[in-house]
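Written out below as structure tokens is the structure these notes cover.
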Amino acid sequence: MRLLWGLAWVFSFCASSLQKPRLLLFSPSVVNLGTPLSVGVQLLDAPPGQEVKGSVFLRNPKGGSCSPKKDFKLSSGDDFVLLSLEVPLEDVRSCGLFDLRRAPHIQLVAQSPWLRNTAFKATETQGVNLLFSSRRGHIFVQTDQPIYNPGQRVRYRVFALDQKMRPSTDFLTITVENSHGLRVLKKEIFTSTSIFQDAFTIPDISEPGTWKISARFSDGLESNRSTHFEVKKYVLPNFEVKITPWKPYILMVPSNSDEIQLDIQARYIYGKPVQGVAYTRFALMDEQGKRTFLRGLETQAKLVEGRTHISISKDQFQAALDKINIGVRDLEGLRLYAATAVIESPGGEMEEAELTSWRFVSSAFSLDLSRTKRHLVPGAHFLLQALVQEMSGSEASNVPVKVSATLVSGSDSQVLDIQQSTNGIGQVSISFPIPPTVTELRLLVSAGSLYPAIARLTVQAPPSRGTGFLSIEPLDPRSPSVGDTFILNLQPVGIPAPTFSHYYYMIISRGQIMAMGREPRKTVTSVSVLVDHQLAPSFYFVAYFYHQGHPVANSLLINIQSRDCEGKLQLKVDGAKEYRNADMMKLRIQTDSKALVALGAVDMALYAVGGRSHKPLDMSKVFEVINSYNVGCGPGGGDDALQVFQDAGLAFSDGDRLTQTREDLSCPKEKKSRQKRNVNFQKAVSEKLGQYSSPDAKRCCQDGMTKLPMKRTCEQRAARVPQQACREPFLSCCKFAEDLRRNQTRSQAHLARNNHNMLQEEDLIDEDDILVRTSFPENWLWRVEPVDSSKLLTVWLPDSMTTWEIHGVSLSKSKGLCVAKPTRVRVFRKFHLHLRLPISIRRFEQFELRPVLYNYLNDDVAVSVHVTPVEGLCLAGGGMMAQQVTVPAGSARPVAFSVVPTAAANVPLKVVARGVFDLGDAVSKILQIEKEGAIHREELVYNLDPLNNLGRTLEIPGSSDPNIVPDGDFSSLVRVTASEPLETMGSEGALSPGGVASLLRLPQGCAEQTMIYLAPTLTASNYLDRTEQWSKLSPETKDHAVDLIQKGYMRIQQFRKNDGSFGAWLHRDSSTWLTAFVLKILSLAQEQVGNSPEKLQETASWLLAQQLGDGSFHDPCPVIHRAMQGGLVGSDETVALTAFVVIALHHGLDVFQDDDAKQLKNRVEASITKANSFLGQKASAGLLGAHAAAITAYALTLTKASEDLRNVAHNSLMAMAEETGEHLYWGLVLGSQDKVVLRPTAPRSPTEPVPQAPALWIETTAYALLHLLLREGKGKMADKAASWLTHQGSFHGAFRSTQDTVVTLDALSAYWIASHTTEEKALNVTLSSMGRNGLKTHGLHLNNHQVKGLEEELKFSLGSTISVKVEGNSKGTLKILRTYNVLDMKNTTCQDLQIEVKVTGAVEYAWDANEDYEDYYDMPAADDPSVPLQPVTPLQLFEGRRSRRRREAPKVVEEQESRVQYTVCIWRNGKLGLSGMAIADITLLSGFHALRADLEKLTSLSDRYVSHFETDGPHVLLYFDSVPTTRECVGFGASQEVVVGLVQPSSAVLYDYYSPDHKCSVFYAAPTKSQLLATLCSGDVCQCAEGKCPRLLRSLERRVEDKDGYRMRFACYYPRVEYGFTVKVLREDGRAAFRLFESKITQVLHFRKDTMASIGQTRNFLSRASCRLRLEPNKEYLIMGMDGETSDNKGDPQYLLDSNTWIEEMPSEQMCKSTRHRAACFQLKDFLMEFSSRGCQV
């Protein structure tokens, strides 16, 4: 037996010694589509003179060539070659590679007869399997800024490059995903210039989060690259706060006695320091971001030159830890959280900053050994490469590094200790010899002396030593730079007598073999590598040789230091680095080749509000993308040659050996051990939150601790929490927080003693951003400039005073892509002013304009400040009176002006500050001035039919609403059209700039409302496509339609759930009805939006799960109470819902086109059949209401149900039809076809307006029309239904609400397509009306195919009768819109719904130096704020800062910020059935804005009170899921930004969204005895404001003596009155912003329009409440003036008392008897007799 084993060993040795000829095949292990593949072929051990010819190619493993063949020729003297093999898309597609279902692999094949004939192989091929990737080239995406507000426009660029980083022109696919990961936009484009630019708008309802823009080559699915940006609500800050710790870490070792120190810095965005006070608080933060307040560490400090320093001693910190039972050893892995709020003293604005990266560590350094090889070569040197960094991430230079190396040889070991310091970039490279017998190396590495960082690493020797090893040692272990020559030494190890003659090597970078070479073997063989840009940012050096027939290999990963681009791009601002706003700036762009340079400038304030987390494109990101093509894994080396090749990213075959087939592009992740955390930490950190383990329970607890902006007991709040599991922690934590508030004492002494005992409640709840206001651009210079070496760009800077960061990216055909280092430009004025205006204000309200002057000069500045005169504003001295102000050096000062607006318009308000030598500044902003009262709208529709003798002429009476504001802008807008389809579907209707959404005059907050952006536009596009009428509209209309559809699609995706369903709100459960609605619309929009069919298939699958056994569908969370629409509660609701889902599923069948979806499609079809059976049974019963009957008939007809079912449904529907003349409609039926709510009206006269039906009737009739069109086509019944619907449209083309509008436009579109004709018909309309200047006449000549002049919009006096004459052979429509402001809302429809708004709170304007802020620290009055004596409690600071959008701090010689509390109460009549959603629209008092934090509490907490809120200018919209039958109130705070006096009442409206006619409108006023009702103006400003006010004259005053005929001149010459009465005042009544004096006529002197005036009749006289005029009851007055435009509720004229009115108090008989007054009385009596009998004689 021993002999046999010996012979076997000798035989194997001899066999291995024979060096047989081989063909070696090398390639990257990944093939990229369209990118040439580098292939290395080598001939090994061939006899001299032998020549080998062959070719290489790619093929599908199943067969079929995937590339052209590439020939090669090798010989013993020329034994290797590097080939480039093309991988064309066409060949890959034709070979069937895309059809492979699993990870696609492709074979690299070398084919040569030599392999069969000489190498003794069975075939003439030799190959290796490669992983195929569709990734190719490089794509970079750039946005114009890192963070956006919802509703903002995002501009982006896509740079497309090939594998060599050169411009590529190709097809790209671009997608946008929202913060939920849902795709909201997809585009297929072709880049002709390699730079593609586009933009899209973020929906205004988007939730905060991170969005993503991705781009890929259309044929390369894996070439996807993306960039991220943040979406959240913010406004640019005026200044930025930074927290800088002295050390980026906190040592947690017991012996460390260092203080915790940090610096606070606050600077304006334009670079100047902020004066003010900093309030800082601290907490412990765990890995999940949960914070626990550290009591007793709160600090407040004065800023000096914008800076302050905070120091916490070890004892202070330890005391804070003791209070929460935390030891120092428990801190590892945690962070110390610091938050600072800075309040600046001049303007009182507050900004915040957080520090979240301050870690507790056991060492000051981090130690990284990832660059050290995991394989050692016994007998050679081992290279340990370590990177030492400070905890901040910066390189740690000159840090001692100690290495303890344990060399293990069997059971023996020896320890080697080495010490070396890091170089300038924190690197250390230590080389030490490894004895040949070593099998394992254990490394213990420490960095630093005191408290070192420690790392451990175990390195194994290869298991087999028979073939020896190859050692690769760099001559210089440091990383090379581009341009360096990198030298590596090669040496065989463990081979006593090497027989090979050459080393072979390869250089691999960017996923390709960049070079192959060989070097003759020497004792030490050196290889030189020239490092160029093509090798950056890293490359593998792989060397190998064959020994005894076995490959021996090693590799090394070399990182390149230089991160510069191949070309050159520099941005330089010529001249000064500091500019003034609106200056001209010269930007010099320098390149080293001809290139396109893409520019962009970003306001650096964006980084202060959260944009730092999304850094702009830079070269590090570029190299990261380039390096992603590196298919190698690890630092190099391996147990054997195959692993060396494989880990370097190579595939290899020598005929006998083969590397493993790669299965994935990514590398296997190294397993890391994780230190176990203290399980008891959370309980110790939070005494209350620690009681709950689940995240949901913790959130409920947090919600319970949050204080609401209105009073509710904890029990009341908990009752509103729907989930039982949430209710208990919510109630417990709510009571816990209430106890804290109840125990609070506001005394200063108590606070000083016990402040450390208060719980910082804010750390239990997420932080809110505090928003500030701005009106300046956030980015600009978004342009692409062609540059040839150099270009000087001249641009004008925006008006912002800030620091701009200018970015540049160049793209060159010769040098590729280069990202410039950003350059910054500071825009600043050393003297400037800041101006803030109210959102809006009403006429004759008074407000205080307070511009703040900033002086950063070294000297005091004396300036003159004035407001430029403008019509419509009353200003001091008419605007020419200036205030002389001295602003001390380095400080700020406010200046006050009182302003009274007198005109309802948008007025430019300009403030100018000017000093000597042209020193000064000017700011102009638009002041929005509104009319008094509330807006009222009234619409009328008339049918024009010249073929009807009775309808050829008609009289339209004027409006006589007694509540009209007397001197408003009264008019009636008249619109006439002869082409209803083009008006409704064209650029004035569904395709108007905002779509139908802008025409509805309703909000678009919830998911269903969002669909109004999409559905009507799709309908209109379909109509115009089918009738080929796009050419009749403007050329850009089609593009606008596509844009509207894209926006609607993007918006609705914000409501999608992960399972494909949709809910009315993001926080609300999914709705069957709404999900079906979305499925139907998005199925129709597939082509326009490029939606993924799989997503809609998920939606359809969710709907199928909602079907019950009887075929009906149920809705777990209804959006609308459909019982309202069917009649019978429950039964009809289910029928209508089922029919609705059937319609949606039928339209959704188009998304099941692929084979994978065939099974789901069959399920959908079966579901429709089952549902149709249910609908047929209900229709046969004959008990359906009109709406349920109509939608059922349409669903059965649409899905082609059995004829019997369709007939039953049709007959049931037609039995409920109401026919009036040429109109057919369906009203609301309660439960059977003979029980109608509203009996059909008798045929009306053509001269009467068309009655406007409720939304439900319109929707029902629309479904009936759709059914009739499918059943009978365009017949007589369809004509009548379409005619009725046509005349139900509003003035702007929409209907009542969303559903009736969507369905009706769908129905009318289908009808108009069926009835479309090219026949031209004409309509001539003449309109005439009497005006002040006589008869006004308009003649219109229209036809049914007009585009330009399609419709005319005319304006007539509101009270005038309009006469209409109609001629021609075409029918038409005349619509009238009356819009005016009303005095009060006493006669509104507040019978069904009720709303009440109350405003409470102290509103003070007194300049008080001892202001008390319960939400902040008290500050003494001084020019420079000092540290306050009395601190705020943690709970107060938390609640105070969460209740504001922006805080006005205590100001020097400035008013306290005014706050009020709004309480909104709603309820309804118990008999009223509502659709389920109501909206309260509250117009805020002038000068106020709602506190967003308060509104968010109403919507975001577990005890949700409001479903959603929106703010739009002065409006706050609150969405309620339902209106209770009992009074329910919500509250929120409002803050006054601008001081306003004589504040007028504002309006509030509560209405049913789906039936807006159900509404309640009320006025509410400011708090009584409030300073809001005080007069702010004085002197000439008040005189100007009262210039339009009437003046009361007294007959017995000498100046009124009529010796010179003063009264007669006033009456007959100027202004020449139109009426004259003597009246006795009966009473005075307040009407919004007016006072009404009801008076009885005692004598008629003169009249023009008031022909019915007689003694004893009453007339109303109105005066503005802002005027000082008072007419006393029971006194008699002479009043003469101009006729009014309005009437009272009896139809009698009412008169406005203004500056053109004569008002004289009549003397009593007793006074006229006195001798002193007798003459004056006679003169008055003579005037009355003469004027009444003779009038004016001119």
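Cβ coordinates come from backbone N, Cα and C, glycine included.
Taken verbatim from Swiss-Prot:
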- C66-C95: disulfide bond (DISULFID)
- C633-C667: disulfide bond (DISULFID)
- C700-C726: disulfide bond (DISULFID)
- C701-C733: disulfide bond (DISULFID)
- C714-C734: disulfide bond (DISULFID)
- C1465-C1529: disulfide bond (DISULFID)
- C1577-C1582: disulfide bond (DISULFID)
- C1589-C1667: disulfide bond (DISULFID)
- C1612-C1736: disulfide bond (DISULFID)
- C1712-C1721: disulfide bond (DISULFID)
- 700-734: domain 'Anaphylatoxin-like' (DOMAIN)
- 1589-1736: domain 'NTR' (DOMAIN)
- N224: N-linked glycosylation site (CARBOHYD)
- N743: N-linked glycosylation site (CARBOHYD)
- N1324: N-linked glycosylation site (CARBOHYD)
- N1387: N-linked glycosylation site (CARBOHYD)
- Y1413: sulfotyrosine (MOD_RES)
- Y1416: sulfotyrosine (MOD_RES)
- Y1417: sulfotyrosine (MOD_RES)
- 1-19: signal peptide (SIGNAL)
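Cβ neighbour count for N224 (N-linked glycosylation site) (all protein chains, 10 Å cutoff from its Cβ): 15.
Nearest to C714 (disulfide bond) in space, judged by Cα atoms and limited to the disulfide-bonded residues C701, C726, C733, C1589, C1667, is C733. The number of other Cβ atoms within 10 Å of the Cβ belonging to C734 (disulfide bond), over all protein chains shown, comes to 28. Between the alpha carbons (Cα) of C1721 (disulfide bond) and C1612 (disulfide bond) lies a span of roughly 21 Å.
A helical conformation is recorded for C714 (disulfide bond) in the three-state DSSP classification. Mapped onto three states, the DSSP output places C1465 (disulfide bond) in strand. C1612 (disulfide bond) has a Cβ environment of 17 other Cβ atoms inside 10 Å. With DSSP states grouped into helix (H, G, I), strand (E, B) and coil, the domain 'NTR' (1589-1736) comes out at 34 helix, 53 strand, 61 coil.
Ranking the disulfide-bonded residues C633, C701, C1465, C1589 by the number of CB atoms within 10 A of their own CB puts C701 at the top. Of the disulfide-bonded residues C66, C1736, C66 has the largest number of other Cβ atoms within 10 Å of its own Cβ. Counting only same-chain residues at least 6 apart in sequence, those with a Cβ under 8 Å from the Cβ of C1712 (disulfide bond) are R1718, C1721. Nearest to C734 (disulfide bond) in space, judged by Cα atoms and limited to the disulfide-bonded residues C66, C95, C633, C700, C726, is C700. Of the candidate disulfide-bonded residues, C633, C700, C733, C1465, C1667, the one lying closest to C1612 (disulfide bond) when CA atoms are compared is C1667.
The local packing around N1324 (N-linked glycosylation site), expressed as other Cβ atoms within 10 Å of its Cβ over all shown chains, amounts to 17. Looking only at the disulfide-bonded residues C714, C733, the densest Cβ neighbourhood within 10 Å occurs at C733. Between the C-alpha atoms of C1736 (disulfide bond) and C726 (disulfide bond), the distance comes to 82 Å.
Nearest by CA distance to C1589 (disulfide bond), out of the disulfide-bonded residues C66, C633, C701, C726, C1529, is C1529.
Between C66 (disulfide bond) and N224 (N-linked glycosylation site), the C-alpha separation comes to 23 Å. Within the same chain, the residues at least 6 positions away from C1529 (disulfide bond) whose Cβ sits under 8 Å from its Cβ are M710, T1463, V1464, C1465, I1466, listed in sequence order.
Residue with the densest Cβ environment among the disulfide-bonded residues C700, C726, C1667: C700, by other Cβ atoms within 10 Å.
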